[in-house]
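According to TrEMBL, the feature compositional bias 'Basic and acidic residues' maps to 1-11. The feature compositional bias 'Low complexity' is assigned by TrEMBL to 31-42. Look at TrEMBL and you will find 84-331 tagged as domain 'Endonuclease/exonuclease/phosphatase'. Positions annotated as active site by TrEMBL: Tyr193. Sequence annotations record features per position, and here TrEMBL assigns active site, proton donor/acceptor to Asp234. Sequence annotations record features per position, and here TrEMBL assigns site 'Important for catalytic activity' to Asp305. The site 'Interaction with DNA substrate' feature in TrEMBL is assigned to His331. According to TrEMBL, the feature active site, proton acceptor maps to His331.
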Amino acid sequence: MSSEGHQREDSSNEQSTGPAPPAPTAPMKPNSANGSQQSSNNKTPKPQAKPLLAPRVTQIVKQPQLTQESHESKLDLTKLQLWSWNVNGIRAILKKSRIQEFFETAQPTVLAVQESKIDDERMSAERLKDNFPPSYLQYWNCCKPPIKGYAGTIIFSKLKPVDVKFDIGVHKHDKEGRTITLEYEKFFLVGVYVPNSGATLKWQEYRTNEWDLDFRAYLKGLERRGKPVILCGDMNVAHQDIDIFDPKRNEKMACFTKEERQSFSNFTKMGFVDTFRELYPGKIKYSFWDIRDKSRKENKGWRLDYFLVSKGMLNAVVDAEIHNEFWGSDHCPVSLTIDVTKIDLKEFRESLRLAELDDQLREGTESGEQLDMDDPLNDGRKSDLEEDDDDEDENGVKYHMDDDEGEGDEEGSQENPEENEG
C-alpha cells in the first residue's frame with residue numbers, strides 16, 4: 001500500500017479526546033413572517049449528559065496447538081492416502097493458489113512433489129515453507145549450488161518418519177535434488193524425479209545406462225533392509241502403448257523410446273509393481289499434457305507419473321488413481337491408497353528370501369522371466385553403488401543437465417517430451 005494510503009488510513013482512525021459534543025437540537029422551521037428560525041417553545045435544550053460506558057474487556061482464548069502425535073492419531077491406517085505431483089515450479093503453483101486448493105480438497109496424508117525448481121537460498125529467503133498447512137512435516141531436497149531453479153523434490157507428511165535420506169549416495173546423480181526417501185515403521189517411501197532424456201535424446205544413455213541402473217540398485221538395497229518400498233513420482237516414461245495418446249507418432253520421442261521403455265520394464269521384472277496398471281489393465285488415463293496446445297482439453301496426453309510398490313506388499317494396495325480434476329501444472333496428481341495394517345514384515349522378508357533363492361537357482365538357465373539383455377543392468381559393469389565411493393565427478397564423469405535448464409517456474413516453461421516434434 002502507498003504512503004498516501006497509510007495517511008488516509010491514519011486520519012480515518014483518529015479519535016477525539018475532548019468532551020462529547022452537545023446533542024443536536026430539534027430541526028428549526030422557518031417563520032412565515034420574517035423567515036427567521038425559532039424553536040417552537042423559544043427554549044434552548046440542555047446538553048445531554050455523556051453516558052458512562054463500561055470498560056471493554058477483550059477475552060483472549062488460547063487455541064490448543066496440535067502436536068504431531070495428535071495429528072497421527074487421527075489417521076486411518078487402513079486407508080492411508082499417498083499422493084504425488086509434478087508441480088512444474090513450486091513458486092508458480094503457489095502464485096496460482098492451486099496447491100493450497102489441493103491441500104484443502106484432497107487432504108493427503110503424504111504428498112511427494114517433483115520439479116520444485118527452487119534452491120535453498122531462495123526457498124529460505126521467501127519463507128516458502130510458511131505457505132503450507134502446519135500439520136505437515138516438510139522435507140525439501142533442492143538443487144545444489146551453483147545450479148538454481150532446476151529439478152528438486154519435496155515431501156509433505158502428516159506421518160512422522162523413522163528416518164529421512166536425501167539423494168541415493170552416488171555423487172554424479174545427487175546434484176539436482178532428485179530423490180527423497182522417508183522410512184516409516186512398515187515401509188520406505190521414495191519420491192523421485194527421473195532425468196529426462198532431452199529433446200534430442202542426448203541424455204538418454206545417461207538416463208538408461210547410468211541413472212536407472214544405480215537407482216534400481218538403490219531400491220533393491222532398501223528392500224534388503226527388510227521393508228517394502230513404495231516408489232512415486234515423475235518417471236519420465238510412458239511404459240506401454242496404452243500410456244500415450246499416439247504411440248506410433250511418438251515412438252522416437254523422449255519418454256517413449258524403446259530404450260527408455262525397456263529400462264522401465266526392468267523395474268517391474270525386478271519385483272516392483274505398477275499399481276495403476278495392475279488394478280486397471282485396460283484403462284486409458286494420462287498424467288501429462290503439452291500446455292502449448294489444446295492437448296489437455298482433447299486428452300492427448302502421456303502417463304509419466306507412477307506409484308510402484310514391492311510385490312510383497314501388493315495385498316496392502318487399496319486403490320491407485322490419476323486425478324485429472326486438479327489443475328495448476330502440465331502434470332496432474334496421482335495417488336495410492338494402502339492399508340498399512342496388511343503389511344506383514346515377517347512375510348515380506350520371507351518372500352524376499354525365497355525370491356533371492358529362486359533367482360540363484362535359475363541363474364544361467366533359460367527358465368523364468370529374464371531381464372532385457374539390452375539393458376545395462378545385465379552387462380558386466382556393476383552399479384556405482386557397489387563400487388568405491390570416489391569423487392568420480394572430478395575425474396571426468398559427465399554431469400547431467402536436461403535441455404530445459406534454468407529457473408523456468410512460470411507456467412509456460414516446462415519439460416516437454418513432445419518438444420522435438422517436426
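The backbone N, Cα and C atoms fix where each Cβ goes, and this holds for glycine too.
TrEMBL annotations: computationally assigned, not manually curated.
What TrEMBL annotates, mapped onto the structure for a quick look.
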residue: Tyr193; record: active site; Cβ neighbours (10 Å): 25
residue: Asp234; record: active site, proton donor/acceptor; Cβ neighbours (10 Å): 29
residue: Asp305; record: site 'Important for catalytic activity'; Cβ neighbours (10 Å): 23
residue: His331; record: site 'Interaction with DNA substrate'; Cβ neighbours (10 Å): 26
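A gap of 8 Å separates the Cα atoms of His331 (site 'Interaction with DNA substrate') and Asp305 (site 'Important for catalytic activity'). The average pLDDT for the domain 'Endonuclease/exonuclease/phosphatase' (84-331) in the predicted structure is 97. For Tyr193 (active site) paired with Asp305 (site 'Important for catalytic activity'), the C-alpha to C-alpha distance reads 9 Å.
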